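Okay, so here's the structure we're looking at.
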Amino acid sequence: MSSPSAPTAATGPSPLSGHALPSYLDPAHLGPWGDYLQQIDRVAPYLGPLGRWIETLKRPKRSLIVDVPIRLDDGRIAHFEGYRVQHNTSRGPGKGGVRFHQDVTLAEVMALAAWMSIKNAAVNVPYGGAKGGIRVDPKTLSLAELERVTRRYTSEIGLIIGPTKDIPAPDVNTNERVMAWMMDTYSMNVGETATGVVTGKPIDLGGSLGRREATGRGVAIICTEAARHIGLELQGARVALQGFGNVGSVSAKLLAQAGVRTVAVQDHGGTVYHGGGLDVAALTAHVAAHGSVAGFEGAQALPSDSFWDVECEIMVPAALERQITEANAQRIRARMVIEGANGPTTPAADDILNERGILVIPDVIANAGGVTVSYFEWVQDFSSFFWNEEEINQRLAQILRGAFEAIWEVASEHRVSLRTATFIVACRRILHARELRGLYP
Ligand SMILES: NC(=O)C1=CN([C@@H]2O[C@H](COP(=O)(O)OP(=O)(O)OC[C@H]3O[C@@H](n4cnc5c(N)ncnc54)[C@H](OP(=O)(O)O)[C@@H]3O)[C@@H](O)[C@H]2O)C=CC1
Ligand SMILES: O=C(O)CCC(=O)C(=O)O
């Protein structure tokens, strides 16, 4: 990432270290929220009378900044900045993941929360949009420190989360274990076992079958639908992936089942390439053992910027925001870009890709598989009745295919990009709910 990482953990001799300038005051960090605002502005002309409510989408409903102090293993005390933003709750409780990353800012979490509002409405799950994060590099923490950070953060945001208020889930650098700690901390604080407070939990703690793979499965489902629309044969097609964590690695695995060859993968540590196709299972094992794709045997190591020149039919950004920019959009050689990540393409780059005839399947539908199965998990927790994996995957495919077809039709009708079409569908739903609820006098 281009943005510098701020100091987070205490490094000096003092037991109470000072903060850097609060990240939300730093204009350099407005990036993804600025992108979201531009996307919203593009939708306004298509909303008719509902457009008078559009301002409601340009400001988050509620933003909480919390101090997260923990005792480090060596006895010093460190402070981290945490956030939980509820962008919109017109259609239901807030829903969205929690990210642990050294570059997290309030403006970024605002954008991620807003994209959750759009995504949840696009697939018509009964949620508003929310997101959270802690400005911390979890790779610098021991397991015990990670647990303390998670528990303190959960207690601090306990004011506004809850099974019917706002339900967190995994995102970058968070996983089932982190969700288990969050569920336990919230449950201890309220005095009852509240499985419905987070999704993406371990199966033995009220988690859902299929949630771990759901986002990547969704990417593969949407890829198949889009390929059909543009007449792209998946058997033998080539994919280049940026990010090989939960979303990237599962996307690669499931696309391989459809005959797609993974020719390039990039993560923070390096970029690996093999024109004949990388062995996805072996690469996954390599990353589990070494923490990065770098050094994968039999693959060619590429300079990181060359990733954007890789010849492929499908490109899947599955890492962080603002990776496809004006600087590299002209170079991309894919027929379609499927946004596994949230916000990977800036609006200017989006325009370049559209002008070049490269189909962009936006994040707000392409990666909606995760939250869809989170919804299934929440429903299962409330009913205390658990579904089998086949049922879950079938329902997931049904919802995503239906949503994608509806979006495709809107895009054709108005001759707009799939991103604008998704925003049209979603904003109409959100603003209609907003209008029905009226304003408290
Ligand atoms: N998990 C989920 O269910 C969902 C996730 N998403 C989105 O998908 C994206 C990935 O999330 P997820 O897979 O869960 O996260 P993970 O933490 O599992 O993986 C993140 C991946 O991105 C890589 N990465 C980070 N920074 C860079 C960089 N500068 N250049 C290249 N690669 C980088 C990481 O590499 P390294 O380990 O080397 O840092 C890692 O491979 C995010 O945008 C997230 O918001 C969207 C919907 C649901
Ligand atoms: O599963 C969820 O609730 C949210 C996942 C998420 O954060 C996302 O879709 O970006």
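Easy rule for this one: first residue shown is 1, then count along the chain.
Cβ from N, Cα, C; glycine included.
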Listed co-binder of substrate (same site as Lys95, Lys119, source TrEMBL) among Ser374, Ser383, Ser384, Ser412: Ser374
Chain-internal residues, separated by at least six, CB under 8 A from Lys131 (active site, proton donor): Arg84, Val85, His87, Gly96, Gly97, Val98, Arg99, Val109, Leu112, Ala113, Met116, Asp171
Filtered recorded positions, from Lys95, Asp171, Thr215, Asn246, Ser374, whose Cβ is under 6 Å from an atom of ligand 2: Lys95, Asp171, Ser374
Among the substrate-binding set Lys95, Lys119, Ser374, as the record gives it, the longest Cα-Cα distance in Å: 13
Additional residues around substrate, ordered along the sequence, whose Cβ is within 8 Å of the centroid of Lys95, Lys119, Ser374: Gly96, Met116, Asn120, Val125, Tyr127, Gly129, Ala169, Ala368, Gly370, Val371, Thr372, Tyr375
